[in-house]
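S.K.: These came from TrEMBL, pasted as-is:
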| type | residues | note |
| --- | --- | --- |
| ACT_SITE | Asp136 | active site |
| ACT_SITE | Asp463 | active site |
| BINDING | Glu105, Asp136 | UDP-alpha-D-glucose binding site |
| BINDING | Lys270, Asp294 | Mn(2+) binding site |
| TRANSMEM | 20-41 | transmembrane segment |
| TRANSMEM | 575-594 | transmembrane segment |
| TRANSMEM | 615-637 | transmembrane segment |
| TRANSMEM | 668-692 | transmembrane segment |
| TRANSMEM | 704-725 | transmembrane segment |
| TRANSMEM | 731-751 | transmembrane segment |
Amino acid sequence: MEVARGNKKLHERVPVRRTAWKLADLVILFLLLALLLHRVLHDGGEPWRRAALACEAWFTFIWLLNMNAKWSPVRFETFPENLAESIGELPAVDMFVTTADPVLEPPVVTVNTVLSLLALDYPAAGEKLACYVSDDGCSPLTCYAMREAAGFATVWVPFCRRHSIAVRAPFRYFSSTPEFGPADRKFMDDWTFVKSEYEKLVHRIEDADEPSLVRHGGVEFAEFLDVQRGNHPTIIKVLWDNNRSRTGEGFPHLIYVSREKSPNLHHHYKAGAMNALTRVSAVMTNAPVMLNMDCDMFANNPRVVLHAMCLLLGFDDETSCAFVQTPQKFYGALKDDPFGNQMDVGFMKVGRGVSGLQGMFYCGTGCFHRRKVIYGMRPHSVREGREGTTGSSSNKELQSKFGCSNNLKQSARDAIYGNLSAEPIVDISSCVNVAREVAACNYEIGTCWGQEVGWVYGSLSEDMLTGQRIHAAGWRSTLLEIEPPPFMGCAPNGGPACLTQFKRWATGLFEILISRNNPILMTIFRSLQFRQSLAYLMTYVWPVRAPFELCYALLGPYCLLANQSFLPKTSEDGFRIALALSIAYNTYVFMEYIECGHSARACWNNHRMQRITSASAWLLAFLTVVLKTLGFSEAVFEITRKDKSKSDGDSNTDEAEPGRFTFDESSVFIPVTALAMISVIAITVGAWRVVFVTTEGLSGGPGISEFICCGWLVLCFMPLLRGLVASGSYGIPWSVKLKACLLVAIFLLFCKRN
């Protein structure tokens, strides 16, 4: 890559003023400390008051972590129009798309993601871009869909470039009909033809079935004969080689990869798939920049790669930008975010906040990486190399890191030391045999893959762990916020899908927290900045919050049932502190949502879902990792179901009421259902005692605060209470109800004995 620095800047770092927010942060911190002081000074020694003190101390700690992450936000503005003058030649980019199950992740979804990437705007895109699709399900349906997508791309990509189409995922583009004017005859004809071809593509993919493809698909699908998902050889197919295309058809290479798997070797889930793609791409195209995408996150802004290059190439010191993360945005998002999983406020507040520290977290999709950073290169090595003091790594050192493949070792040496040829590979099909070698399931044995090189193993949240390893080496990162949004995906809808996703994330985060990769240890022994480590800690403690929040939530019902109190009475000074804290905190959160352009209903929905998630997904994640640590169970990677793209005008859907909670027999619903039932019982018993039982002369009983706490829980858990009386997918299954009733009975017995 030739760099010719011009006078025009490629990006600008803009600090975000938040003076009023900082003042509000300090006010809430003061109220939390005042409440703790009141607890200590008026501690009666009762166990439930001691529990309240411990929980409130934990909440104060969490608030400090949040303050740290949001304290000094910045945003970056990019100027891709200046690239031509500032950079002589743009680097190549390898684009990775990962999928793992053709049922939960329909091939049509993956096809749209791939087509959006093939149609990106980039100089010499046919030579500089390559798209690799990892199929961890080893499905002939996925391979067939990718082959069909390559054929349709010969129509779709020229159409997008000829008419400057803004949205380049076909299912989104054809979801509406443009207005054609009298002078748009040519465009109308093209639009009608391409739409017809896309509908044929969708029908071919949806009508295909696996047995027929394997039996009658010919030589191309013979490799899928008798394969098992967890036991099969490597399958690599070059579905489109741009170097063999006709003039005018130039779009990126398309390669299908299904790495080898064996039941005798751990395949490390998505991290293993990403490392296999990294090695395969290294021996085929070896681009210095890599973009990784989930199969449901299509490119929404065709100039996104150019914007990313403004950050990757715009710093005087490239160690200031190891990777560029983009926010996660969702198409067709339900109004007011009923499931609390659109994360707009989090990306804007926390994302910009950590961008002012050592940089944005790596979030697993929509991220541009420097290949040499993924290879474990440290910033000081980059500086030494620029000064001409770094010698070439020995063959033995490269083999211990990257494995025994001579082609991979040479490509790694080229990537690390910048010896990348500007000439495209003449025939990438000739590299398939070498690619199969490095995608073998036993290739990583005795190497640094998954540790110092590549995506890091040891957690279901491989993205956060890999990003932390990069920051701990001393690198920085950036957050790319542009309009239109860079990428868009589909957020899971319904209770099971949402909570499954939250549970998987929380499980992986807790695994990192209790491992040798704890961010505090990375600060002590590596180069992770202290405030950045606290920002990571804020995220990693998600599942640890569950037992504290569950305990605090149970204190209200316990006091109503046992005729006790844990909150200050209205006649006490502490009541005013608690009331002021409640008002200040909820106003703070509400104003955050308003500032980010959301409604009051969205604020409430996210608050409600956080309470539900804490008592369900986070709690089970906490217990799962504890049991795994004790050797009683293993964490399991659970794939989130992706909604199939609707492109043919079919409005039928299995979800009759979008936004309404659905349930299944998953154990994730048991504790939160029990907590909802306990809250209703506690209010009923407490109200009965107030109305019918004489309490004159008695002290220490519950006050209005305990009733408010339980009432608040009932409002938060209303979807669960509706599920108790509903039927079908909207009703909680009887197996969950019975197990929840058992927990309720145990809690009531505990209250009676105390």
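Yeah, the Cβs are placed from backbone N, Cα and C, and that goes for glycine too.
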S.K.: By a simple count, how many Cβ atoms lie within 10 Å of the Cβ of Lys270 (Mn(2+) binding site), its own Cβ left out?
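M.R.: Looking across every protein chain shown, the total is 23.
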S.K.: State the Cα to Cα distance, in Å, between Glu105 (UDP-alpha-D-glucose binding site) and Asp294 (Mn(2+) binding site), rounded to an integer.
M.R.: 10
S.K.: Counting a contact as 3 or more Cβ pairs under 8 Å, with residues at least 6 apart in sequence, do the transmembrane segment (704-725) and the transmembrane segment (731-751) touch?
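M.R.: With 3 or more qualifying Cβ pairs, these stretches touch.
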S.K.: Rounded to the nearest angstrom, how far is the Cα of Asp463 (active site) from the Cα of Asp294 (Mn(2+) binding site)?
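M.R.: About 12 Å separate the Cα atoms of these two residues.
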S.K.: Given a separation of at least six residues and a C-beta threshold under 8 Å, show me what packs close to Asp136 (active site) in the same chain.
M.R.: Thr98, Thr99, Ala100, Asp101, Ser258, Arg259, His267, Lys270, Ala273
S.K.: How about long-range neighbours of the transmembrane segment (575-594): same chain, 6 or more residues beyond its ends, C-beta under 8 Å?
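M.R.: Apart from its flanks, the transmembrane segment (575-594) reaches 24, 27-28, 31-32, 34-35, 38, 345, 349, 567-569, 600, 602-603, 606-607, 705.
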S.K.: Go through the chain and flag residues at least 6 beyond the ends of the transmembrane segment (731-751) whose CB is under 8 A from any CB in it; none is fine as an answer.
M.R.: 554, 557-558, 561-562, 663-667, 669-671, 673-674, 677-678, 681, 720, 723-725
S.K.: Tell me the Cβ contacts of Asp463 (active site) under 8 Å, same chain only and six or more apart in sequence, or just say none.
M.R.: Phe361, Tyr362, Cys363, Gly364, Thr365, Cys367, Trp455
